Structure formats: C-alpha cells, structure tokens
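What follows is a set of notes on a single structure, which appears directly below.
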C-alpha cells in the first residue's frame, strides 16, 4: 500500500524513492514483522492461554519429557500470519498478481490449520480434523491456485527446471499442474510433520523463506536471471518482500517458541507456512530447489512414510523408535535442545546446497 501511494512521488522525494527498491522494502518488512511479533506476542499468548484451558493436547505415547509441555497454548501461527500479511500489504506492490495469489494460499492454509487446532483444543485430543478431510481441503486450495496461475499467465510454462544442470528442463505438459498441486500440498504437510519440538521448524522455515527471497529477486530480475541462466519470470521480485516478512515473523515467533516454548505455532502456522513456501516455489519454477533447501522437511516426511509402510509390511515392526525422526532421537536419549540445534545445522547445510545450485550448473 505504501509502495502504491508513494509511487507517483518517487522522482520528487528521496524517501519515496527508497520504496522503489525491493531490497529496501524487504529489509523494512523484516523490521516491521519482528517489531509486531515482539509487541503483539505477549498479548496473543495471554489471550490464547485464557481461552484454551488445557492448551495443545500432548501425546501420551511420546517422549516422557513432553509431559512438561502440558498447558502450553497453540495457534501461535496466527501471530506469524498476521504480521507477515500486514507487512506485505504495507510494502508490496498491490497490483502484483503473485502477491494476491500467494496471500490467498497463505491465509487459506492457515484457516485449515486453525480448524485442526480448534478441533484438538475443544476435543482435548491430538487427532483434530481427519487427515483425509485436511488433504481434500488442501487439494482444493492448491487446485484453485494452480488454475489462477494458469489462467492469469499469458503463456504459462509447464517446464520443470533441474538444478545443477545447464539448460536441462522437463516439459511436463498439463501434468505439471498435478505436479504443482503435489508440491504445494506436500510442502504444507512436510513442515507440519517437522513442527514437533520447541523451535524445531521455525528456524528451517526462516532459512527456506530467506532462500526464496533471494530466488524470487533473481528470477524476477532480467539481468540477474540471464547472467545465472535462470528462467526469467517477470514480477516475481515482489515475492521477495513477502518472503522477507516470513523471515522476520518466524524470528519474532522464535522469541516465544524457543525452549521452553510459551506458545506453539500449531497447524495454523505449520500448514500455512509450508503451503506458502510451496506456492512460491511453483511461481518461481524452483520446485526441486525447495526440496533441497527444505531437505530437513523431506527427511522428516520420509521417516514417517517409511515407518508406516514398514510397520504394515512387517505386521508390527518399526524402523525408528518413533516417527517423525526427531522423536526417534529423543527416544534414543538426546536432549530436546540437542535435537533442535543439530537439525538447525542440517537445515543450514541444505539451504547452502540449494542456493549453490543457482550458480553451479
């Protein structure tokens, strides 16, 4: 909004001219979301605590140390969604179609997560909304997003770019739409599975959002995209502002979510954040890079899939002591803080590998 209001005065005012630069608005987005989180965090946490008598239900079959988390409120993802959306509406170009499509998906996935968290809190169990119902709703939202992208793009690309290889891309035709839906839904649920310890998912999400802030900026810049031999996609640069807002809001949330957590982001946060990262990867045509940068999410998801299929195939045997993988290490005796920090280190490594694909090809 500020960008659109100041746009006519860019050449007449030095301050207005600053808003012409995506980098300036992105930095400002981080500052705004951090500030909003610090200011509204205590108020929101106290409100959630007052309306949630027992907080987020804790699994009885989980690590014993988790019983100390009883009474911790959930739905903290509301803080992330509100601060990110507000900074985006203030600083991004509101005539940009990608901004509105991404915000639509972000909020929609947040609503699905809120419904799940609400069901858990009111029923006082950790099951919430049925898995198939959530998948159906996620699928519907993803279909709408993909149809919008297909309809609004004058010449939509169905190419899947392969990182680390020069000029290597796969033409999926209209099957690309199915693939894009899979990416968005898969990303949403992968982040959700990772969010099982205090602060565990928050930092990797921030790393991934930061990586895609850079990717969005490069892909939306004709000079940089040509130099790096990336597919140039006009107007994606504005997503840098949104991604920067995600980074700031996640760091602000971490202030309250660090062990021992004062609040959990819940499915409200994890489903929305995973979904928005998937949407941005589809828009920027860096779906495979998302799987690399967010490699920790992939590993956590794979551990659950392997555990379920192995359990069924062997009629009761398990590969891991508990899935997702972070619980396996807890069952092995690792302290929660050690699991979290080591997984953060892994996510940094994956982010660096993913970003290196922009140049190494």
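From the backbone N, Cα and C atoms, a Cβ is placed for every residue, glycine too.
Computed from a predicted structure; not experimentally measured.
Listed features, source Swiss-Prot:
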- 28-48: transmembrane segment (TRANSMEM)
- 74-94: transmembrane segment (TRANSMEM)
- 99-119: transmembrane segment (TRANSMEM)
- 133-153: transmembrane segment (TRANSMEM)
- 168-188: transmembrane segment (TRANSMEM)
- 203-223: transmembrane segment (TRANSMEM)
- 236-256: transmembrane segment (TRANSMEM)
- 263-283: transmembrane segment (TRANSMEM)
- 288-308: transmembrane segment (TRANSMEM)
- 338-358: transmembrane segment (TRANSMEM)
Proximity verdict for the transmembrane segment (236-256) and the transmembrane segment (74-94), three or more C-beta pairs under 8 Å: yes
Leading stretch by Cβ pairs under 8 Å, where the reference is the transmembrane segment (168-188) and the options are 28-48, 99-119, 133-153, 203-223, 338-358: 133-153
Stretch among 28-48, 133-153, 338-358 sharing the most Cβ pairs under 8 Å with the transmembrane segment (99-119): 133-153
Residues of the parent chain within Cβ reach of the transmembrane segment (133-153), under 8 Å, 6 or more residues beyond its termini: 97, 101, 104-105, 108-109, 112, 116, 177, 180-181, 184-185, 188-189, 271, 275, 279, 282-283
Cβ contacts the transmembrane segment (263-283)/the transmembrane segment (203-223), at least three under 8 Å, sequence gap 6 or more: yes
Within-chain partners of the transmembrane segment (338-358) [C-beta distance under 8 Å, separation at least 6 from its ends]: 163-164, 197-200, 203-204, 207-208, 210-211, 214-215, 218, 228, 230, 259, 289-290, 292-296, 299, 326, 329-330
